[in-house]
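Q: Questions regarding the structure given below will be posed in turn.
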Amino acid sequence: MSEKPSSDVPFASHDEKIVHHPEPGKTEAEFVDATTRRASIALNIVENPLQRVSREAAVADARAFAESRGMPEHADLFGRAALVARDPTRFESLGSELSDTEMHSLIYEREHKWNGPVMLWYSIGLCAIGAATQGWDQTGSNGANLSFPKEFGIDGKGKDEWIVGVINAIIFLTAGLIGAFIVDPLNKYLGRRGEIFLTACCLTATPIGSGFAKSWQGLFAARFVMGIGIGAKNATVPIYSAEMAPHRIRGALVMFWQLWVVIGIFCGFCANVIVKDVPRIAWRLQLGSAFIPSFILMCGIFFCPESPRWLMKHGHYAKGFRSMNRLRANPIIAARDYYYSYIIYEEELKVAIGSNYFTRLRDCFTVPRIRRANYGASTVMIAQQMCGINIISFYSSSIFTNVGYTDTQALYASLGYGAVQVVFTIPTLFLIDTKGRRTLCLITFPLMCIFLLAAGLSLLNHSGGRGGQIGPVVLFVYLFTIAYSLGEGPVAFQYSAEVFPTIQREQGMAWAVCINNTFAGILSLTFPRMRTVMTPTGAFGFYAGLNLIAWFMIFAFVRETKQLTLEELDQVFSVPTKTFLGYELKVWLPYFIKRHIFFRKIEKPAPIIEKGERAADPIVA
């Protein structure tokens, strides 16, 4: 994406006439002056490719697309949809070119952003339920850590701590190093739905196998295979959801993934409490119960449509439109979204001819636009582990017993931790597409650092009553969890699933999942020993420091993606890193300090990325 001189009006070819429509309450002169000034100071404009051609050419191209792709009966529909996609904010100017039903549907969509057919909600909701498997297993092993080491005679120090750590960690190591990288062939031959069904089968069988393990080696083997399924599922389900969701609420809908991860965590803690009094086999039930959400996913995925963008990518254009039609409230909305995706996809194909799995993976590190997206996705994924949330998810029961709780009290305290995550993830459904992914992370990481450090220091208090010793630890752990749930928790997988181009989406997401799960495995492996060597306070302080490092990484590499289509993000990441950092340091940071620290009422600077229709809002006559 090139920067435009201040005198240029974005998106118009030289022979096209630009007609500006004043905003309510503004004269034409005032509107032109405001929009010209905004266009002149915005550093980069997100361009709508359909505005490069005339209205007549856009309609003709759309009709030709429908007729040549096995959809001649929809030629007129795609012609009208191209006009809507060409200027989506002012479709009302098309007047009689749209039917009353189409016009009403577009207006209703604009005014009710949560509107959508049942199939859209069912498909994304079902896939989100599948995310509960990982959360459920994390907390199942959390409670099982209190008893399975004794069962297998590995409850000592030193070597035994490493064995317990590797049993907990192996699902994340195999998820990151194996499962994430088999996503591309599985998606190629089975499709998104088929891959999700296969991994759901795996994640139904392996928790049950864990519950029947006769030795720590058998438990290790079951969790080894489980990790492969988790990695493959984690890399596909967010992509599947992102490709189905409308861009205006994509963050909220895809965030159902994180909501159900934390619901799975809560359900796992519930299961831990329910079976705590079952003699000898409590840990088996705690581990085995994680099959429940995967079984639901396995049965329900048959009723979901395939991803429209996957079908398009594999040449099934008519099937792709039928799938999109099931996911949108009206055919005009489906045709608009589908045809716009096709236009961008064709642009991507021009530079991806002859590519294969390995060249597409290489592109994630060598092509500047994709590399910048990879920086952002890798940053939010590794930051999720750097923040230290999983030392709580994996070992909260052990942490609470070490400060004086009984096993039963520790399970109930952990249940409270799970409930806090669920409750405070819900508000982010409404914040992620308004405040934005980057903003939420920048606000919450300093808070997580403070609360985690306070929790660690509270462990040093050995005076006073028992409640006075334990209460502050639990309080600060809960406050840390609230901050995490409002920021990094929902953002990581959401952000990674949306930033890569269609061509490299599987490889990019595979790498992001590899980063996330590998470092989760390292954390799970090292914390039992770290807690002994560094003391719990030292371990908490270590992760508190990592929160600050993660904040600087997010500031440098994570770009805002809220309310942009998957295709428009291609231009967001075309801005060079040097330009982006220069804007953040020289424009955004001084404004933030003056406005929010010194409370000076100053004008908000123009963003580095601006959507075309908001910058100058041209309409070609």
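Note that Cβ sites are derived from N, Cα and C of the backbone, with glycine treated the same way.
Dumping what TrEMBL says about this protein:
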type	residues	note
COMPBIAS	13-25	compositional bias 'Basic and acidic residues'
DOMAIN	123-562	domain 'Major facilitator superfamily (MFS) profile'
REGION	1-25	region 'Disordered'
TRANSMEM	118-136	transmembrane segment
TRANSMEM	162-183	transmembrane segment
TRANSMEM	195-213	transmembrane segment
TRANSMEM	252-275	transmembrane segment
TRANSMEM	281-304	transmembrane segment
TRANSMEM	375-395	transmembrane segment
TRANSMEM	415-432	transmembrane segment
TRANSMEM	439-457	transmembrane segment
TRANSMEM	469-487	transmembrane segment
TRANSMEM	508-527	transmembrane segment
TRANSMEM	539-558	transmembrane segment
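Give me the lay of the land around each of these features.
A: Tertiary proximity for the transmembrane segment (195-213) is limited to same-chain residues at least six positions away from its ends with a CB under 8 Å from its CB atoms, namely 127, 130, 133, 137, 140, 183, 186-187, 219, 222-223, 225-226, 228-230, 232-233, 236-237, 240, 284-285, 287-291, 294-295, 297-298, 301-302.
Listed by sequence, the residues of this chain that lie at least six past the ends of the transmembrane segment (252-275) yet keep a Cβ under 8 A from its Cβ atoms are 120, 124-125, 127-140, 142-143, 237-238, 241-242, 245-246, 282, 285-286, 289-290, 292-293, 393, 397, 411-412, 414-415, 417-419, 421-422, 425-426, 428-430, 432-433, 485, 489-490, 492-494, 497-498.
Sequence-remote contacts of a segment are chain residues at least 6 beyond its ends whose Cβ falls under 8 Å from one of its Cβ atoms, and for the transmembrane segment (281-304) they are 119, 122-123, 126-127, 129-133, 136-137, 140-141, 143-144, 146-148, 151, 193, 196-197, 200-201, 203-205, 207-208, 210-213, 219, 260, 264, 267-268, 271-272, 275.
Residues 135, 138-139, 141-142, 145, 168, 265, 417, 437, 441, 445, 448, 452, 477, 480-481, 484, 488-489, 491-492, 495-496, 499-500, 508-509, 511-513, 515-516, 519-520, 522-524, 527-528, 531, 539-540, 543-544, 546-547, 549-550, 553-554, 557-559, 573, 577 of the same chain lie 6 or more positions beyond the ends of the transmembrane segment (375-395) yet place their CB under 8 Å from a CB of it.
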Q: Give the mean pLDDT for the domain 'Major facilitator superfamily (MFS) profile' (123-562) on the 0 to 100 scale.
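A: A mean pLDDT of 84 is what the predicted model shows over the domain 'Major facilitator superfamily (MFS) profile' (123-562).
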